[in-house]
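Chemist: I have a structure here, written as structure tokens, and I will follow up with some questions on it.
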Amino acid sequence: MPKETQLRAAVALSGWVALAATLLPGGSPLRWVPVLLFVGFGPGLALLHPQPAGLRPAARLEAFALAAPISLSVAVLIATSLFLVGGFTVTAFLLPLAAFATVVAALPGLPLPAATRGAAGGARGVDPGEAAGREGALSSGPAAGYGRGGGPSADTRPGPGSGGAAGAGADTDTDADTDSDSDTDTGADTGAEAGPGRAAGSGGR
Amino acid sequence: MQQQRVPTPVTGSGVLPAVARAEGHRPPAGAGARPRRRPPLPGLAWLPLLLGLALWGYALPRIGFRTMGEYGLLDRLPAAFFAALLVLTCGFLLALRRAGTAPWWPAAYCVGMLFALKAPPALLYDSVRYPWASKHDAVVDTLLAGGELRPHAPLSGNMAAYEQWPGFFGLNAALVRSFGVESAAAYLNWAPVVLGLLLMPVLVLLYRTFTEDWRLVWTGVWIYQLANWVGQDYLAPQGFAYLLHLTVLAVVLRHFVLPGSAGRLRDRTFLDPAAAAVPPPTGRRQRAVCVLVLLPLLLAVNASHQLTPVMLCVSLAALLLTRRYRNYGLLAVACAVMLVWDLTMGRPLFLETLGTLRESLGELTRNSRPGYAGRLTGPGPELAGLANVLMVFAVAVPAAAAVLTRRRLVRSALPLLVVSAAPLPLFTVNDYGGEMLFRVYLFGLPGAAFFAAAALVPAAGARAASPRARTVRRRIAAVALPVWLVALAAGFLPSYYGKERMHYTPPAETALVTRSIDRAPEGSLVLAATGSFPRALHRYDRLEHWFFAEQELPENERMLADPARYLDDGIPPGTRAYVILTRTQDVYTAGEGLLPPGGFARLRDTLAASPLFTVVEEHPYGVVLEHRSPAR
């Protein structure tokens, strides 16, 4: 089974495991640990993580950092809504969360720019000055934390905000990322944005 | 097309990335990567961590929290505890030297330090730390007992506000039931550790947006942890909402850069050697997707806390000052969510606060005053107060130095500076119950810690006038960083644990309060000198409260002249009233200067002897009295 499918399955399953764990005696670690892990991370990871080509290295940090705040926010909204209508039960709380995680785990991950190849909204959305700015950036490597990777297939993922965006983003340079978490970088950027500045920039490093 | 990997060294780390070493690449010239000395052996990176945690584990059962005196936990911490912090600091400094290639070691030390600093109460205490945290436990209990929210039901002591911003309590109520535990008290003391752990990657994300130097990132995180003595990370809506607030800011700073706004900030020859280039710009569609991603966070912040959404909107508005993040749409969405919540769920308190704004507006000194009204009294609280001030300077001075000396870093990290300074004007608006100072400090801390780290960790590739100047600068930094980190760790302890006698309550006292409040019939009035005692608001939806000493000292001195008569006059006729006076209230009112020295004992003795009150229960740690009402 591909790693990505395993991950999707694990995230989707974690909600149902947490729900099943509530059948165990109260306060048992076998009960609260899976519930805590799922409520704290499950929905967020399901939303952010599944990318067809895996997350780019620096985006892994982002998915990890955002998973808990997003998961807990979703849990806050569900719990508060249930208390507002006076319909709170453990099942009514965990079931929608588990169902939500299962559904979104099957969908492509949220297209946060850092998770996809490019960052700009496509060539149309970028003015010439900006393009020049990026050319100037060539000597610096991409912005910190925006490690690329995933190879050529990374820009094939669907979803709004990626697609045409891929070529016009920070991937204008051939330098590997300057951060050490970019070791899977393949420098796969072959887009039209690689102009003369690229060579100059790379050499300037 | 697969291209060859050409890794570059982490700016300022002085070492090559692992990939480069593995593949035998040489570092490119001029990258500031000349290794001067061999870094410590990687195999030994774990040794100080293990030693520090072993010392800490040895010290833990020897912490005499049950016999705390004037200095709180300070003089009850064994030498091994201090040694553990010192060893962890040394280990962190060693790990920092290899942060570029092995950023996980500084991360491990940061986690270790977080545990060492904040886990002792969670592991040791047999009661809730911070008596006022038990108020939040009471809100969760009430929510679970009633099974529904009544945001507009009138409740005594501003408790209705908790049901008007119920998100955090709803979450905890759901967790309590899902865990199958009796109440949130089962895990309440772990909140600082859990929130610290969740906050750490968000901080890293935030700092990585502005620097490529892992040393700077982890030093910033380390300083943040040591400077986070302010005690806002207990199980409370503000700690949780703060995590969401920083997450929103991290996403904004990484994904909301407008096209065409970076200018020279992507030009490596212009940037500070440690600075990261401005994140790639995003198109309108991508930013719209990001707003959708942020929406649950914005809703949860607004559902959980009153002040944090204001801080968030102020921060987003301040970002408009930078050309890079001029996103009116996001600010409009954040403000709209806040207004809708304030005018629907939170309407009663919102309108009440608006009504008092006219009085508090512009009262800069009063709004920035900490606590209620008193002056810290006693060696422990006074030392804690002094340590607090010194700690603020210990972060603010290097941060200011970095702002002045590392202009190029400031230019690229200007948005972080702007969002950190944004909450300052809130001093002119409201005192937030004596808490505005702490909140403004907390919201400014991520940026302050980052710039303080920038002063203490100079960039390896920085240009200097001469080699000699470079050497001097390097030597100063080599001394300043360890000294500063040790000083911050030393300052953290009195700041966080100096007033611990107010924060730890023996279980017998908690049991006395619970018993007394359970006995009180519905509609009774509970009187206490202050609300800072365990389970003060147990059954708050069925009782009324009067914390009669939470006022200015002169008024309290008038009260102390004849406390029985003073209270008798304030109790509405026909109301059954109970006075609960406990040891924790004594410690709190004395330490915070609400009552003069000996005032609490006088209060207790006078009330016990008064014919207007009957003693129901009396113990060394507390007394419960019932008011004799002639009308009843």
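Every residue, even glycine, has its Cβ placed from backbone N, Cα and C.
Found this in TrEMBL, in case it helps:
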{"type": "TRANSMEM", "residues": "B:44-65", "note": "transmembrane segment"}
{"type": "TRANSMEM", "residues": "B:77-96", "note": "transmembrane segment"}
{"type": "TRANSMEM", "residues": "B:103-125", "note": "transmembrane segment"}
{"type": "TRANSMEM", "residues": "B:187-207", "note": "transmembrane segment"}
{"type": "TRANSMEM", "residues": "B:239-257", "note": "transmembrane segment"}
{"type": "TRANSMEM", "residues": "B:328-350", "note": "transmembrane segment"}
{"type": "TRANSMEM", "residues": "B:383-405", "note": "transmembrane segment"}
{"type": "TRANSMEM", "residues": "B:412-429", "note": "transmembrane segment"}
{"type": "TRANSMEM", "residues": "B:441-464", "note": "transmembrane segment"}
{"type": "TRANSMEM", "residues": "B:476-497", "note": "transmembrane segment"}
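Quick one: how deep are these features, and who are their neighbours?
Modeler: Residues 40, 45, 47-49, 51-53, 55-56, 58-60, 62-63, 102, 105-106, 108-110, 112-113, 116-117, 215, 218-219, 222, 457, 481-482, 485-486, 489, 493, 497 of the same chain, all 6+ positions outside the transmembrane segment (B:77-96), place their C-beta atoms under 8 angstroms from a C-beta of that stretch.
Using a Cβ-Cβ cut-off under 8 Å and counting only residues 6 or more beyond its ends in the same chain, the transmembrane segment (B:328-350) has close neighbours at 151-152, 158, 160-161, 164-166, 252, 256, 287-288, 291, 294-295, 298-299, 302-303, 306, 309-310, 312-313, 316-317, 320.
For the transmembrane segment (B:383-405), the list of distant contacts is 71-72, 74, 223, 227, 229, 376, 417, 441, 445, 447-452, 454-456, 484, 487-488, 491-495, 498-499: same-chain residues at least six beyond its ends, Cβ to Cβ under 8 Å.
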Chemist: Given a Cβ distance threshold of under 8 angstroms, which distant residues of the chain, six or more beyond its ends, lie next to the transmembrane segment (B:412-429)?
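Modeler: Same-chain contacts beyond the ends: 206, 209-211, 249, 253, 265, 271-272, 275-278, 310-311, 314-315, 317-319, 321-322, 324-325, 357, 360-364, 367-368, 403, 436-437, 439-440, 443-448, 450-451.
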Chemist: Near the transmembrane segment (B:476-497), which residues from the same chain, at least 6 beyond its ends, have a CB less than 8 A from one of its CBs?
Modeler: 71-74, 77, 85-86, 89-90, 92-93, 117-118, 219, 222-223, 226-227, 229, 231, 383-384, 386-388, 390-391, 394-395, 398, 456-458
Chemist: Checking distant contacts: for the transmembrane segment (B:103-125), what same-chain residues at least six beyond its ends satisfy Cβ-Cβ under 8 A?
Modeler: 45, 48-49, 52-53, 56, 60, 63, 65, 73, 84-85, 88-89, 91-92, 95-96, 189-190, 192-193, 196-197, 200, 204, 214-215, 217-218, 221-222, 225-226, 233, 492, 496, 503-504
